[in-house]
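According to TrEMBL, the feature transmembrane segment maps to 12-29, 36-55, 75-95, 133-153. Taken from TrEMBL, the feature domain 'Potassium channel' applies to 75-156.
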Amino acid sequence: MSFLRHPLGQALLNSTLLTAVYFIVPVGADNETWQLLLRALGTLAGLGLAIYLILRQINRQLDDETTPLTGLLTALVAGVLFFALADYLIAVGFPGEFADLQTRVDALYFALSTLATVGFGDVHAQGQVARGLVIVQMLFNTVIIAAGLSVLSRQIAARARERRGTPKS
């Protein structure tokens, strides 16, 4: 169990648990008004929570460079999984909004290809609801995820320099 005491082991465990939750959260194709409203509110709450957690971890890193990076890494993974689940909910609840998004793996693939700005074109938003969600996802990726990755890479570089004894340039 010493692996779990290491920050990277904790990040791996947290990311694995988040991914498992992503794959087991029940999702139905019910389109009753109250269910759609509940899903929309849940999506907004999830987005707010993801933004809050990532910004909190960024601030922790900026305030104290010795803070473990596991929180930030886990928050970034949670952000990606949140959008994958939101994409899947739209695909299930509103058939035809996404082209070729039929499974949770498809949704995760789409969320990651959007994050990486690869856009292969096989899975894509074709309806207005899906396009609206993808616009929010792209803004989130550009502002929040990019800021988190920037802090993460800067901290990793600083820690590597510190271990080598190389001064900051």
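Glycine is treated like the rest: Cβ placed from N, Cα and C.
Only residues 6 or more beyond the boundaries of the transmembrane segment (36-55), in the same chain, are considered here, and those with a CB under 8 A from a CB of the stretch are 72, 75-76, 78-79, 82, 85-86, 89, 93, 136, 140, 144-145, 147-148. Secondary structure counts, DSSP: the domain 'Potassium channel' (75-156) has 60 helix, 4 strand, 18 coil. Across the domain 'Potassium channel' (75-156), the prediction's mean pLDDT works out to 89.
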